[in-house]
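The structure under discussion appears below in the form of structure tokens.
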């Protein structure tokens, strides 16, 4: 039997008898430990040898023997808990301790900086698993950030100013409006050791052609080593930014044959995935990264939904609960929570119904019904971006005839959506409208793969906003279902850099197709000893650029 299993058995005994010495029998102990009398005798011998207890046996069946505890079960439990924490076995820790509040405090005490075996380790607490890290698929906000740490594109978009920077390619040029050339760095390696080949780039980009944003790519070739040519059906001013977006990250061409690639992907980025399961994501600095090696050696993201649900709205937590004075940064998101009206729905495609719903469901009406801790993090939205005021207040018209029931759909693992849907239910019920709630996984929501009148979601944009605002929404199949046919004309104007984003956004809002609700305050909590931390528009920070000052500094 392993030491950990023996410790658990001892703790069960200690808890059963409250640490008090007692007279008992082998049969009674067998019932406590749910095993045979013979096995109990073996366990007692091992526990006695470890110095945890003294077992003074009396000969004969049914004879009462003396059980004397020499070690506190609490002390042993604490020792074992510390070992599990050190080994990042959070699931086993929850089973061992049992008390969720106690586990939470233990975890919070270990957040932030750790120094082990010569390595700098950053520990983060998060509220849900990060199970899909495959570029080119439906990625939520935090998955998008992680993918940027694991992969590279031909170009990179600077998170702070939106400027285009070299990445896998060191230079690029437009030979003609329909022909772009990228010059790649040599000797770039994937995390599994193989050198990047031009065929990896070609396969990574051609796999994206079926997607709306990439449908104008005609062909990708490599005329000579370390050169990639991209041919287009129509000109695209934004192509270099598009090839630096998270969808266009470069994968090894054999990615489909790699086991569980969406969860444990292989890239060329500054961090490689060591472990990714439902309770932990661990990434490690890649020593053969072609850029500057990351300064933090390892990032551990502990996932405990039942212990960290409030992180849905409070932000990324790198330190214990007493960090009010240690908040690193906060910002109002570039994006919003919103309602989309599905044009496939007979009710949602009716302008009068959409107008009436938007007049009823105002940000102020929702905030007035929200709990105080939500009010702290929500700011009323009157446009897609905080600086835009496109949603004009109008007088409430009478309810359209025949409107008695609506279906609202949102994605799971997001407690704020539950709160918003409850408020919407109350507002509509007061008007005689029943609201049916439908919850999907994120991929089905992203695809719009359900019948619904209204869709509840959120979008986070990044710099440059002229690129990301349209790109983020247009690449979403759900939006293709919900918006009018004009969207397909808008893509050409956007690619020509003639689409004015403020006007485009105002059109969607004024036509009651896209209804902004809130802008969210993003907050990053952590230690002031951390340096190089700049919160990005996704509420995270670039791991490879962060570092710790020595404790005495």
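A Cβ is built for glycine as well, from the same backbone N, Cα and C atoms used for every other residue.
According to Swiss-Prot:
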| type | residues | note |
| --- | --- | --- |
| DOMAIN | 1-113 | domain 'HTH marR-type' |
| DNA_BIND | 26-49 | DNA-binding region |
| REGION | 163-494 | region 'Solute-binding' |
Using a Cβ cut-off under 8 Å, which residues of the same chain at least 6 positions beyond either end of the DNA-binding region (26-49) come close to it?
1, 6, 9-10, 12-13, 16, 55, 62, 65, 67
Over the span of the DNA-binding region (26-49), count residues by DSSP class, listing helix, strand and coil in order.
21 helix, 0 strand, 3 coil
Summarise the model confidence on the region 'Solute-binding' (163-494) as a single mean pLDDT, whole number.
93
Helix, strand and coil counts within the domain 'HTH marR-type' (1-113) (DSSP):
67 helix, 14 strand, 32 coil
